[in-house]
């Protein structure tokens, strides 16, 4: 009797699992999905790959779309809400819906450009602005060699109020302030903060030093690799542009800009070892960033209220090449900050000292 009951239970579980994994044919006659709601996203993906991301490049629009996912989602503060004032809705599209307000926040300088570029595509789809911003970021990152395939959720309602100012961390903020802001926004640990900053491996600054727009944070801004975590540990010796800009400190390479916040997080005792742990560890940077992005992309929402459509995201190209010191650098140029683990031994690229080219505009 017990054995028969066990077989019956196994059969029920098998049927349930089959139901959960059964795919539906999408109306396009090409794709299938685990949820019919996801079917429309394939066409949106192909549209923005072609017309927003220049046929699938990991370029400026990808960098800016990823930045926008964060600037929208981090706009939430339970601490502010506890005072009886609206604390923001997280990933709710408010940064675009109330662009005339939020783009005037100092921390959001420059996001108006990608908001303007995305606006026509939002109008062409049935997606909420909240969903589109996060979706576009995930689609764009899939163009970058070495990146993880990021999770996608839909079902977020759009914002009805703007986020409060000063919820987006600034590059001149202290480590204390940055860690506190992330903890308030979504209970992010210091390790998760470091993981989210992996986004800077495919990023550039336009407004920290306005004289040199498109200046990358590492020497490979078109590749999702660990060079950002290596190069922020190199001794800073120069400013790539004018110098003396708020939130900027000296960088190790011509053409590369270093944020004060990145420099300090790389050297703070609470984050230095986690920072160093990403060096030459592609599997970790992928898994940690994917997990932290998943948490960030649903801020202000419960995951159970959303539908996951991660299958729509294409597998990013594989990473080629190895972690390295830029040409002209040696291990003596590393500023060891982790007190418990030696910095991984790396060889330098051959040739003359590395000079980093700006990210070209679209």
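Positions of Cβ are set from backbone N, Cα and C atoms, glycine also.
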- Per Swiss-Prot, which of 319-340, 341-362 is region 'Disordered'? 341-362
- Item | Mn(2+) site partner of 60, 64 (as recorded in Swiss-Prot), chosen from 176, 184, 206, 209 | 206
- Of 201, 242, the one that Swiss-Prot places in the same Ca(2+) 2 site as 218, 220, 223, 225 is 201
- Which of these binding-site residues has the least crowded Cβ, counting other Cβ atoms within 10 Å: 201, 220? 220
- Task: Report, in whole Å, the straight Cα-to-Cα distance of residue 201 (Ca(2+) 2 binding site) from residue 64 (Mn(2+) binding site).
- Result: 13
- Fill in the CA-CA distance, residue 60 (Mn(2+) binding site) to residue 67 (site 'Transition state stabilizer'), as an integer in Å. 11
- Query: When you tally the Cβ atoms that lie within 10 Å of each candidate's Cβ, which of the binding-site residues (60, 64, 225) has the highest tally?
  - Reply: 225
